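Enquirer: Take a look at this one; I'll ask things after.
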Amino acid sequence: MQHAEDARPAQTKEIAGWRLAVIFFCLSILLLLSLMDETIVATALVAISIEFNNFQTSLWIVLGYTLTYLGFAVLSYRLADVYGRRLVVLFGAFIFTAFSTLQGVGGSIMYSITIICFPEMSPVRLLPLASSIIGIVLAISGAVGPALGGVITSHSSGDGSWMNPPVAVPTMLVLYFIWPADTEQTRGTNLIHVELSQVDFVGAAPLLLFTTALTVGCQEGGSRAYSWSSPVIVALLAISGILFVALLAWAFALDRLTYFKDTAEILPWRILTDRILLSAITTTLLTGFTGLLLVIQLPIYFQIVNVLSAVESATYTSKLKYRSLY
């Protein structure tokens, strides 16, 4: 079935040369900031737990940030189809910089949109380079983020958000003036155009609620407060299963019913039936467990079990992540 992706093409022109290089550099900076924020906080978790005398719920600082990432990542991608990549990226960077309590929202927008801008804006011959840039930024964030988190924890009473404006604001200004509004995202191909009324807000709700219920159930299950047989945990896991089925049913309905033919789906059914895409998504999900282990659990282990300082813990973590550069 044809959906909103097949809507009318917009008139665009290709970005190339020095302008493309500057845009890529600025997008890399924003992507790096959004990725490092979580690793900085992860290194400081032990210090935060000691400050509030609460180790049981301290991990929710990172989990809450991650859930916000997920909740707004897919939705922001669809909003970028409506308002354009340039405007949404700048809006996400503004939220990330100006509102410390909403950094998860801004970081999610920056991450999800910059990731897709690299391949969309690259000429075909530069697609391998664009993919390499993303990988390098991911590796650098994992190596530098824990180190910064250790330094901030040991030598500063703040949360490190003061570091974002001096870097993000000049980057936003350069992007605003260098990135032409009429090109937005493409390398000369058809630009997806979606109206706001076509965005699948209904599909976004079960996706966010499913992941939230599943995360809360798995995190709190087996803790001192709730055993795995607790009615609260059983209910949360059951609700997450129901919401997951509802999400799949909604995706199937959007694909089959002509009434929804113009809807820009949050979860396209064709992804679930494409073995290559589904395999890639599954691989990313499984490797993500290892990434979270390195970023979140190891700094806590080093500081509590090995009785290392935040800086020493960050050093060991950064060494492990640094090797991923090679």
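Keep in mind that glycine also has a Cβ here, set from the backbone N, Cα and C atoms.
Relevant sequence annotations retrieved from TrEMBL are reproduced here:
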- 20-48: transmembrane segment (TRANSMEM)
- 60-80: transmembrane segment (TRANSMEM)
- 87-114: transmembrane segment (TRANSMEM)
- 126-149: transmembrane segment (TRANSMEM)
- 161-179: transmembrane segment (TRANSMEM)
- 230-253: transmembrane segment (TRANSMEM)
- 276-296: transmembrane segment (TRANSMEM)
Enquirer: For the transmembrane segment (20-48), could you work out the same-chain residues 6 or more beyond its ends whose Cβ comes under 8 Å from its Cβ atoms?
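Expert: Cβ under 8 Å, 6 or more out: 58-59, 61-62, 65-66, 89, 93, 96, 103, 106-108, 110-111, 114-115, 117-118, 121-122, 130, 133-134, 137-138, 140-142, 144-146, 148-150, 152-153, 159-160, 164, 167-168, 171, 174-175, 178-179, 295-296, 299-300, 303-304, 310, 313-314, 317.
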Enquirer: Test of understanding: applying the rule of at least three C-beta pairs under 8 Å (pairs 6 or more apart in sequence), is the transmembrane segment (126-149) touching the transmembrane segment (276-296)?
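Expert: Yes, the transmembrane segment (276-296) and the transmembrane segment (126-149) are in contact.
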Enquirer: Within the same chain, where does the transmembrane segment (87-114) have neighbours whose Cβ lies under 8 angstroms from its own Cβ atoms, ignoring anything closer than 6 residues to its ends? I mean 6 or more beyond.
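Expert: Those are 27-28, 30-31, 33-35, 37-38, 64-65, 68-74, 76-77, 79-80, 159, 161, 164-165, 168-169, 171-172, 175-176, 181, in sequence order.
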